Amino acid sequence: MDPKGQRVKLNDGHFIPVLGFGTFAPPEVPESEALEVTKFAIEAGFRHIDSAHLYRNEEQVGQAIRSKIANGTVKREDIFYTSKLWSTSLRPELVRPALEKSLNNLQLDYVDLYIIHFPVALKPGEAFFPRDENGKPIFDSVDLCHTWEALEKCKDAGLTKSIGVSNFNHKQLEKILNKPGLKYKPVCNQVECHPYLNQSKLLDFCKSHDIVLVAYGALGSQRIKEWVNPNLPFLLEDPVLSAIAKKHKQTPALVALRYQIQRGVVVLAKSYNKKRIKENIQVFDFELTPEDMKAIDGLNSNIRYNEVLLCVGHPEYPFFEEY
């Protein structure tokens, strides 16, 4: 159990802690740091750890989890670990080898959740972002329903307890939900979600299908130049969030995290700063009023920090849909 026992039941019967630790770091952060901060996060009380093949740190994150199991801090079943299938492995025959590679890097027997990282297929190979001689991305064409069937097989094989998706719009989710012979529904859809992009329509859609919305970028976003438009406002400097934080004697970051938990969203807190990691676990120590929630709802302005513009030319690019 995570310290406050705050977990949500997934549609396949497993439980996911509502607060997760996101391990993604900008390229300038050495991979070795993932080992230290993940160990620290587990010591601080995080039991839900989120990583991905794309983050290039699963070896270190796995080492951190194993060291905390070895010294008796946690048992394997106390930890909920998420990994993600990257876009270069969406062809059905590449799915299981990709998951096995992650498991090998992690040195774990299974992951708790395996999700399709992004619905846009890229050319298989070693490069994460394959490009042609003109620097244009090299796309692949894959039916996501076939990718999903391969994930179902991974679940049946015991390599992952649950399966889900990330960055899918409602039409892409519908395609899987309406697939003939569907064996397992996605348990979650992990998407960018914060007060400036509160995803209320997608959240309603997911709730109506018993799919959990998992929020990444919940504190705005790290300014990684390849990904994020530098001209966008800083979420945590928002005056409304600051005023609510002051009223509750909390930080704007904690208010942004608490907002998600109170609307039934599982939220990832991403930080490589030990003081803030410790602080983020305090999200269970206070509650926002209905007025606070309404005021934060009012900040929604459809500001998306992570547009992944590189993939815009692909027919499965998800963000042109309203939700």
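Quick reminder: no glycine exception, Cβ is built from N, Cα and C everywhere.
Unlike curated records, TrEMBL annotations are generated automatically.
Copied over from TrEMBL, here are the features:
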type     : residues : note
DOMAIN   : 19-300   : domain 'NADP-dependent oxidoreductase'
ACT_SITE : Tyr55    : active site, proton donor
SITE     : Lys84    : site 'Lowers pKa of active site Tyr'
BINDING  : His117   : substrate binding site
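With respect to their backbone Cα atoms, His117 (substrate binding site) and Tyr55 (active site, proton donor) stand 11 Å from each other. Here the Cα atom of Lys84 (site 'Lowers pKa of active site Tyr') is found 10 Å from that of the residue listed as 'active site, proton donor'. Remark: of the recorded positions Lys84, His117, the most isolated position is His117 (fewest other Cβ atoms within 10 Å of its Cβ). Around Tyr55 (active site, proton donor), the same-chain residues six or more apart in sequence whose CB sits under 8 Å from its CB are Thr23, Phe24, Ala25, Ala34, listed in sequence order.
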